[in-house]
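In what follows, a single structure is set out as structure tokens and then discussed.
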Amino acid sequence: MRLETLPSEFQEALPVLEKIKAAGFEAYFVGGSVRDALLQRPIHDVDIASSSYPEETKRIFDRTVDVGIEHGTVLVLENNREYEVTTFRTEDVYVDYRRPSKVSFVRSLEEDLKRRDFTINALALDENGQLIDLFQGLDDLENRILRAVGTPAERFNEDALRIMRGFRFQATLNFDLEQDTLSAMTDCAPLLEKISVERIFIEFDKLLLAPFWRKGLEALLTSGAIEFLPDLKGSRAKLEQLFELDSDFCFSASEQAWAALLLALKTQEVQRFLRIWKTSREFAKRVADIVEIVTIRSERDLTKRDCYDYDIDLLLQAEELRQAQGLAVDFSAIHNLDASLTIHSKQEMVVNGGMLMRDFGFEPGPKLGQILKELEYAIVDGHLPNDLEAIYAYIKEKK
């Protein structure tokens, strides 16, 4: 098969391929960019595979950076763009289900492609638009099938994260897992416990944010692989409640997706759960805030103080979750409450602790903090204007 017209992303990278070929080596576009071009999806990163060894690649180009030279990857700077050029390679035994004990550089494209995860990612494209398909990846693309390259169990034993990538590709592409591939993913799922939490989080997060997240999540649950993810053993029945969200609902942000997951789990230990997943403190706080907002909304309407205490984007994300649950929502009320706030942070108050110590003799300590918090919420609730004269009169009355 031949592409009559190369996508612009490939056309811009053609000088890289042409220089490598002019030096006497082979070079091809490979991987996800080729797959996405055939599916007419947006192309993000253009990856190039070459028969030139790293030092040979560096001699071809004026500007390069060693970004992963031990694995054969050189970053080539060409026409104000960056391209990763990776030498054809084979990999030895994987020592920890994550990393090969040894990477060997080879001159054979076939040897390079057969170590890849799925057939749809094992396609190569030359400078003339000619596709190289050694593992029937084109057929699988046409039939919307995810099939491991070669023997499925070998691929997942090499790198167990490929199991999560399989579920993520389902969620992203709306493809079906080929039966032998799914069986191997199920059998190899215990190996996920060998993978770093951070790598699993990235794949799970991409799955949840994908347009067909239900498909990927359902396969993750029914395969039993969910049992081997951090702190999710025995969670299948609870997580299946996510399928009760509106059928066309997609998560708008990572924190919203993880909040929905935690709400389904009905856990009271949101922060502990996210520490296990090794997320940032900021991310964990935003997820916890959405969980709190949804809980508040199940009991009462939001107030001005709620709109002050929580970021408006989190309030809106929580309301979206309610809407997906078929509950009554009021987005305009959130915007109106936010617009009615006199201040949006304590930094906007016309007084601070230093002024109160100077003008009223307050000492540093809990009492000063208490009066500042009282002033802050009096302003937020609309009981006190954010005006110096009014605030000082309020303090004098309280004293």
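Placed from the backbone N, Cα and C atoms, the Cβ positions cover glycine too.
Arg165 (ATP binding site): 22 other CB atoms within 10 A of its CB, across all protein chains. DSSP assigns Arg165 (ATP binding site) to a helix. Marked as ATP binding site by Swiss-Prot: Gly32, Arg35, Arg116, Asp159, Arg162, Arg165, Arg168.
The CTP binding site annotation in Swiss-Prot covers Gly32, Arg35, Arg116, Asp159, Arg162, Arg165, Arg168. When Cβ atoms from all protein chains are considered, those within 10 Å of Arg35 (ATP binding site) total 21, not counting its own.
Residues or ranges marked as Mg(2+) binding site by Swiss-Prot: Asp45, Asp47. Just so you know, the Cβ of Asp47 (Mg(2+) binding site) picks up 17 other Cβ atoms within 10 Å once every protein chain is counted. DSSP gives Asp47 (Mg(2+) binding site) a strand state.
Of all the binding-site residues listed here (Arg116, Arg162, Arg168), the one with the fewest other CB atoms within 10 A of its own CB is Arg116.
A separation of roughly 20 Å, to the nearest angstrom, links the Cα atoms of Arg168 (ATP binding site) and Asp47 (Mg(2+) binding site).
Among the binding-site residues Gly32, Arg35, Arg162, Arg165, the residue whose Cα lies closest in space to that of Asp47 (Mg(2+) binding site) is Gly32. Annotation for Gly32 (ATP binding site): spatial neighbours His44, Asp45, Asp47, Asn121, criterion Cβ-Cβ under 8 Å with sequence separation of six or more. Neighbour counts of Cβ atoms within 10 Å were compared for the binding-site residues Asp45, Asp159, and the top value is held by Asp159.
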